[in-house]
Amino acid sequence: MKILLSAIIIASICSTHSFLIFKNYIQPEDSGFDSKYDFIIVGAGSSGSVLANRLSENKRWRILLLEAGHMQNFLNEIPILVSYFQQTNYNWGYNVEPQKNACLGMINRQCAWPRGKALGGTSTLNYMIHTRGNKKNFDEWASLGNTGWSYADVLPYFKKSEKFNIPEYVPYHTKLATAYLEAGQELGYKVLDYNGEDQIGFSYLQVNMDHGTRCSASKAYLRRLNRPNLDIITDATVTKVLIDTDNRAYGVEYVKDDMRKKVFCSKEVILSAGTIDSAKLLMLSGIGPRDHLEELGIPVIQDSKVGYNMYEHIGFLGLTFMVNQSVSLLQSKVNLNAVLEYILHKDGLATSPGGAEAIAFVKTKYAVDEKPDLELLFVSGSVHSDNGNVLRKNWRLTDDLYNTVYKPIENQEAWSIWPIVQYPRSVGRLVLQSKDYLKPPKLHANFFSHPADLEIILEGVKHAINISKTEAFQAYGSRMHDIKIPGCGNFQFASDDYWRCAIKHMPSMMNHEIGTAKMGPETDPYAVVDPQLQVYGIKGLRVVDASIMPTITSGHVNAVIYMIGEKAADMIKETWMNASTMEKSKIRVIYEYEFRRGTTVSETARNINAVFGEGSTTKATVGNWFKNFRDGDFSLAMSHVEDQRRRWIMITREP
């Protein structure tokens, strides 16, 4: 693999396309930055990158984007290498707390929860899968009291983001991926566009790629920006939101190069640090459950259910099917020919996102309505396909499990299906470990605390077995790999109890955690933000990322996070641009009122700046308005002027 990486690096550096990759990166510096901005955005992930782009469209606004990680490595853009960056400093490296009913085959019973730490956030680490979710997911949000979040409301923002980051089908497919779609048709399912009206059926993956390369949030929204009103600071870890005695956010404190710094804003602080870090930052800033914050010695500013309502799509990664032909993805096949095909044409197996190739959504007997409640993710490889070099480490598999089950089949052709529950009933909670910002939070995932989740995945196992038995897969001699998982040896292989045990040992975390700063109406005791994403009880503070999702959507949530960013940008623009227009309208009325009552130009300018803020007007501007009035340009009726007179008299305390 080292030889492969060296070949890719040398070939890429020598190519024009690679030069453009470097050339178009933003080179952030923090020397000489303004100490005060209009907006401060914390986190340059899928929502933060959108916000930075959209808000900086207003040339009058000064925007600061703070990111704890650094720039995306160009190797990260090669889809086949998707797994390799979870063992680097591009990953926060979070693990869930030791589980009672899950992660039993992982080191210390802890599943890994990778989160991106770079410009682009987790969109630099994920498998790039683009799914909007089911229409009813968003109609449910609206029914919970979140006005403006129905599917009809959010669909334009999905489409807006998809014009910026256009989903495309993976250029390369193995024969097994084609067999997967054919198997679905054998079983009576349609091949369809799962981002269309209907979801139940099979499809190749739609992914966030740009001609065979990863298209992360930073690549789509930040890379080619050259706006003087947008500053970006990388390697800057925000430690708290600054909140004044009137409960207004006015800036943040952050650490860069081991130095604490403060930066201020006049309009809003926007947290887009993700489900884990936005919740962590809220609590470090005094916004969270009173008893928890007081226990840690954090002064409470707002008692709020931050950290609750944490959901994740959970599945099973232990299903492996062997085949008798060279049709799967193995590490040995990523050779020099594959590298050259990628470098020259952006095609071939190097464009495969880690072997994930196709997807299906189906209903089980546990579905509560017409929505599919199970995803079947097809992968043209298995845990052993990289000979134990990376995947086992990413998933924290114990040596005993890997060596027993997978080492005997290294270098052998295989494929797998991950059955994933779409609407988990098990709910987790995030809490702080301490008030030290360097300490990671405790992630109490509580996987399989509700038995329905386990049973739905078990149904998925049975679906996968039926798929393997179809003619499409039997053409490749598909058969189940039947070495038992350590810890499940007392159960008959392939019995329901065996699979329940196996699922608990090898759950697949999809890294779709949501909900820790729940959006909801004021009547919802667990709501942290309102439907405008403003934090309850705190002025000038919003949260814009997956943490605000009141319930989890189906599929993969990155597209939803893009949508949230796009919608939030419009809400923020509406708030502040309308306010600006309103203030100008008020000032226009005052110009006319003061002119009619004979106030001098200088006195009028002084009065307006005293009330609306220095810089609201100048003597020259007032003079121009007064000249227009003298010329008979009275666009306002006298009654409208009189409507403002009493308020203006009260403000200026006119005798």
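Placed from the backbone N, Cα and C atoms, the Cβ positions cover glycine too.
Copied over from TrEMBL, here are the features:
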ACT_SITE  His556  active site, proton acceptor
BINDING   Thr122, Val238  FAD binding site
DOMAIN    424-565  domain 'Glucose-methanol-choline oxidoreductase C-terminal'
DOMAIN    584-633  domain 'Mos1 transposase HTH'
SIGNAL    1-18  signal peptide
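In the three-state DSSP assignment, the secondary structure recorded for Val238 (FAD binding site) is strand. In this view, Thr122 (FAD binding site) is surrounded by 26 other Cβ atoms within 10 Å of its Cβ, with every protein chain counted. The number of other Cβ atoms within 10 Å of the Cβ belonging to Val238 (FAD binding site), over all protein chains shown, comes to 24. The helix, strand and coil residue counts that DSSP assigns across the domain 'Glucose-methanol-choline oxidoreductase C-terminal' (424-565) are 43 helix, 21 strand, 78 coil. Listed in sequence order, the residues of the same chain lying 6 or more apart from the residue listed as 'active site, proton acceptor' and placing their CB within less than 8 Å of its CB are Asn126, Tyr127, Ile129, His130, Thr131, His313, Met510, His512. The average pLDDT computed over the domain 'Glucose-methanol-choline oxidoreductase C-terminal' (424-565) stands at 98. Classification of Thr122 (FAD binding site) by DSSP places it within a helix.
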